[in-house]
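Residues annotated as Fe cation binding site in Swiss-Prot: His524, His529, His716, Asn720, Ile864. Under the heading compositional bias 'Basic and acidic residues', Swiss-Prot lists 251-264. Annotation source Swiss-Prot lists domain 'PLAT' at 46-171. The annotation domain 'Lipoxygenase' is assigned in Swiss-Prot to 174-864. According to Swiss-Prot, the region 'Disordered' annotation covers 230-264.
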Amino acid sequence: MFPNVTGLLNKGHKIRGTVVLMRKNVLDFNTIVSIGGGNVHGVIDSGINIIGSTLDGLTAFLGRSVSLQLISATKSDANGKGKVGKDTFLEGVLASLPTLGAGESAFNIHFEWDHEMGIPGAFYIKNYMQVEFFLKSLTLEDVPNHGTIRFVCNSWVYNSKLYKSPRIFFANKSYLPSETPSPLVKYREEELQTLRGDGTGERKLHERIYDYDVYNDLGNPDHGEHLARPILGGSSTHPYPRRGRTGRYPTRKDPNSEKPATETYVPRDENFGHLKSSDFLAYGIKSVSQCVVPAFESAFDLNFTPNEFDSFQDVRNLFEGGIKLPLDVISTLSPLPVVKEIFRTDGEQVLKFTPPHVIRVSKSAWMTDEEFAREMLAGVNPCMIRGLQEFPPKSNLDPAEYGDHTSKISVDVLNLDGCTIDEALASGRLFILDYHDTFIPFLRRINETSAKAYATRTILFLKENGTLKPVAIELSLPHPDGDKSGFVSKVILPADEGVESTIWLLAKAYVVVNDSCYHQLMSHWLNTHAVIEPFVIATNRQLSVVHPINKLLAPHYRDTMMNINALARDSLINANGLIERSFLPSKYAVEMSSAVYKYWVFTDQALPNDLIKRNMAVKDSSSPYGLRLLIEDYPYAVDGLEIWTAIKTWVQDYVSLYYATDNDIKNDSELQHWWKEVVEKGHGDLKDKPWWPKLQTFDELVEVCTIIIWTASALHAAVNFGQYPYGGLILNRPTLSRRLLPEEGTAEYDEMVKSSQKAYLRTITPKFQTLIDLSVIEILSRHASDEVYLGQRENPHWTSDSKALQAFQKFGNKLAEIEAKLTNKNNDPSLYHRVGPVQLPYTLLHPSSKEGLTFRGIPNSISI
């Protein structure tokens, strides 16, 4: 609380302030490149275009263009609200400040203030210009009896006539609702109401309203029945997390579906509008959809390049020699810098991709069984392997609907290095990568398209030296007599010579196709992007910016998270979008993720709980973090537990500063409304599940916040930034399969005998879809130059609480220690899974990174 300052401030005192802002100096993506007839016009080299006609430099802010009014935190008016000071306008431009970042400008301002106004705790700002600007901060200096007061703003400010209520910002001090200075209470409540809106009307791009809706905008039925998609969310058939509401008009053919939009609404402060380079990465995805894919289609339509790879070297030529494209096709590629960097043409007709890490040392190590197994522990999808506790593996599919789906793998065929099946099970040495239940319900429909695939089960054995090896793969299909008749399957065993080795290589490819699709749609999109969005919405609607939990969680939401998800709905997961065009499930892709969401459990997103549930760890008080890993050399789990524990310790330290007892948590009205809304609205289709924490205790609050931070930072990093390093070689991570295993006596079988490479390439992702896939995942795998990583804050003055700042510094120091520790582990030759045959050290959970394609770094938020 502020001290009593009656009589301590002199009448007529002036408070000096500094306002830092950024001009709107970059055109929107749709202005940078206008799309017409598949071509791109208005190409600009830099991707940045200063709006000189709208803003005449910094002088536009002077005069009477922008005004501020201080609001007292200690003195109330007749209505019980903090007194409001006089309108004060920006003054001269400061030539330089040591703390200014790129593109930032600072202005002087002097406020008239006296003892009757008390101490400022908030301010109004009004923009009288026709163009918006990005307000970074206000700093008040030498406030009598108080010193410096800082306001961290980070918000777009539009012309004041566009707002129903004045724009208000609060000082960087945290208050629980019950501790808010009485003059600020109504301001706090009114700002939350503004952010909630009234749930009606179409949202305008300048608005800051957060609300919920179902995923009813993925299809485009007005353009054809083939583009209609089921609504996800709001039903037991297709449950889903909620997205941000836009209020767009319905389609003509389906009144429950929304029309696609040229530019999808997200609350304005969720989109930095290209002030951040991460936005250029994000809009690179849109560029791939609108510019790059049509360019590739043109090249293939002209038969300029065949749609098949004929050898593995053909695939590697994407990175080595490049592929030829017509000059007019090259010229239509997007002007965005990130796209130019990915598609290196050197002014010629040759298009090259960056060599992916997986083949930078060895061109063929990806083919080994050791690497195939290792990537289940240290690859881009390391959270799916499970410890096997019974044999044969059973199914959780409803037998009344699907019949018996117990695995048909026989014990007799497994090479367990002399162990019996009972010994292997009892000693925790059998593992499974099981996609059977996920794919079987959709496989009949998938295989009616041009795609052909299996539902796979892979059995693995932990050898005496601590490394993992595959011992059998089961390839399953729905029974030809109907779903209730069960399934048919082939069991493929390891082989290293003859046609059997080709069949084994193909079997591994079918497994990876399952894994690639599950990874992109479930491990990545659903389990990080989609499930976090309701938390973002609820936090902005129910937790004031001065609430300590808002300050804790905000950096793990900000930058571009909701904007990224909106772009995904627009270009990636939409009907005929990039995912449908290049991944096996095609039109059933997101529907499959809804089927998986039915079994999503919030508390299982805690890494220790996840490892225990997957039988990859057991509780053991004598082991680090109270868990003993069944595979000691499990890089994702080992590194992840270090990061998880550091996050949890930081959350405990921080939360303890504001909540002395469990009753403080129970009585926090904003916190309780927040959690109620997360459960009942944001994840409303699962609201009746018994596993939701009640949020009544300190431990529950710590666990909830730790899960949110872990999911938005480390988990997303683990499943995102390895996509191109591993998947940039389509041979290693194919995204679809086009034919089943050739049967003996067929022409395809004879081809397989003659050329294993051609048989493999005719089965997996063809060239056109490969180019789409690589274009997308190279962007997704990059870090922006202004990325903010775990243990960092964009503004060092994010809070005025010195104890919170000390705890955060402790967290940052711990992460630096962890990074050094993980580096040492990667240098230990006994930890084989950390590097593997491809000689790619596991660094995805190293907290820090440089810009670009680095295979490391944990950003604070889902920023790509």
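Positions of Cβ are set from backbone N, Cα and C atoms, glycine also.
The most densely surrounded of the binding-site residues His524, His529, His716 is His716 (count of other Cβ atoms within 10 A of its Cβ). The Cβ of Ile864 (Fe cation binding site) has 24 other Cβ atoms within 10 Å, all protein chains considered. All protein chains included, Asn720 (Fe cation binding site) registers 23 other Cβ atoms within 10 Å of its own Cβ. Per-residue pLDDT, averaged along the domain 'PLAT' (46-171), amounts to 86 for this model. Look at Ile864 (Fe cation binding site): DSSP puts it in coil.
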